[in-house]
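A quick write-up on the structure given underneath.
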Amino acid sequence: MNVRRSLLGLTFCTCYLASHLTNKYVLSVLKFTYPTLFQGWQTFIGGLLLHMSWKLGWVELHSSPRSDVLIWLPASALFVGIIYAGSKALSRLAVPVFFILHNVAEVLTCGYQKCVWKEKTSLSKICSALFLLAAAGCLPFQDSQFDPDGYFWALIHIFCVGSYKILRKSRKPTVLSDIDQQYLNYIFSMVLLAFASHPTGDLFGALDFPFLYFYRFHGSCCASGVLGFFLMLSTVRLRSILAPGQCAAWILCAKVVTAGLSMLLFDMALTKATVGCFLLGGLGEALLVFSERRSSS
């Protein structure tokens, strides 16, 4: 059982690493900054592969009542905001910077649980939230590659991620499984982004993309869709088999490896102050793992 869990964790880390680095390559190196098309393609591939997996009997999809589907639509709308704003932010920000800002969503979730749901929060989790918030708050002032648009889209991404987590927790228990929820997210995102591609200008703007007929662009886009699907699948499996503390530990491991390799593969200006922000954010996330492990033990 321990070997199986370790293999699952390593599979998740590999998918996490490959998916984020591939997306960063398409967005920042090839500069395919048309999120309605890029994310629409990824959700199309994800939905198609998930449907094929269901037909082959590899995953279970349940026939849900229309009322449950309608109740889930606000979460699907937030999912669109997550992937759209995340794509815009990642195209302009370094991967470690994006991760530090993304972690603020945990602060929003923690604050909502304590202030609105009146849940008991451990001291380690409060300290974790403060460290994550401090790291993200100091980073814009120390980032030598500061990009206002990148940070703006990161804020929208943070809000959508935090709201999605809160909404998802408030709907438990639900007849929709994690796979059912993701399938609905894929369908809703694919349809909405397809309709949005024309008014946003992405549909015709992409015709002027310089690498439109290059194999490396086609290969990278195909890889991003497939890797995104396997990342989703491995994440669902990880959360269904492992305790929350163990899941958080694997996610932290995946983020550290991905952030470290991204600094070697993509251009990034490092200063002592930015490294300090990264370390503070890492400490905050390590404390979050510790608090999750204590609460689940």
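A Cβ is built for glycine as well, from the same backbone N, Cα and C atoms used for every other residue.
Look at Swiss-Prot and you will find 7-29 (among others) tagged as transmembrane segment.
Per Swiss-Prot, transmembrane segment is recorded for 32-52 (among others), and the stated evidence type is sequence analysis.
The transmembrane segment annotation in Swiss-Prot covers 69-89 (among others).
Per Swiss-Prot, the feature transmembrane segment maps to 93-113 (among others). Note on the transmembrane segment (93-113): residues 20-21, 24, 86, 119, 121, 125-126, 128-129, 132-133, 135-136, 139, 143, 145, 147, 150-151, 154-155, 157-159, 161-163, 165-166, 169, 255, 258-259, 262-263, 266, 268, 274, 277-278, 281, 284-285, 288 of its chain, located 6 or more positions outside it, place their CB under 8 angstroms from a CB of the stretch.
Residues or ranges marked as transmembrane segment in Swiss-Prot (evidence: sequence analysis): 121-141 (among others). Within its own chain, the transmembrane segment (121-141) is flanked in space by residues 97, 100-101, 103-104, 106-107, 110-111, 113-114, 151, 273-274, 276-278, 280-281, 283-285, 287-288, 290-291, 294-295, which lie at least six positions past its ends and keep a Cβ under 8 Å from the stretch.
According to Swiss-Prot, the feature transmembrane segment maps to 146-166 (among others), an assignment based on sequence analysis.
Swiss-Prot lists 187-207 (among others) with the feature transmembrane segment, giving sequence analysis as the kind of evidence. Below 8 angstroms of C-beta separation, residues 32, 34-37, 39-40, 43-44, 47, 73, 76-77, 79-80, 83-84 of the same chain, each at least six residues beyond the ends of the transmembrane segment (187-207), sit close to that stretch.
Taking Cβ pairs closer than 8 Å, the transmembrane segment (211-231) reaches residues 12, 15-16, 18-19, 22-23, 25-26, 30, 32, 38, 41-42, 44-46, 49-50 in its own chain, all 6 or more past its ends. The transmembrane segment annotation in Swiss-Prot covers 211-231 (among others), and the record cites sequence analysis as its basis.
Panel annotation: around the transmembrane segment (250-270), residues 9, 12-13, 16-17, 20-21, 24, 28-29, 94-96, 99, 144-145, 238, 242, 278, 282, 285-286, 289 of the same chain, lying at least six beyond its termini, place a Cβ under 8 Å from a Cβ of the stretch. Residues or ranges marked as transmembrane segment in Swiss-Prot: 250-270 (among others).
Annotation comment: Swiss-Prot describes 271-291 (among others) as transmembrane segment, evidence class sequence analysis. Counting residues 6+ beyond its ends, the transmembrane segment (271-291) has Cβ neighbours under 8 Å at 96-97, 99-100, 103, 106, 122, 124-125, 127-132, 134-136, 138-139, 142-144, 245, 248-249, 252, 255-256, 259 in the same chain.
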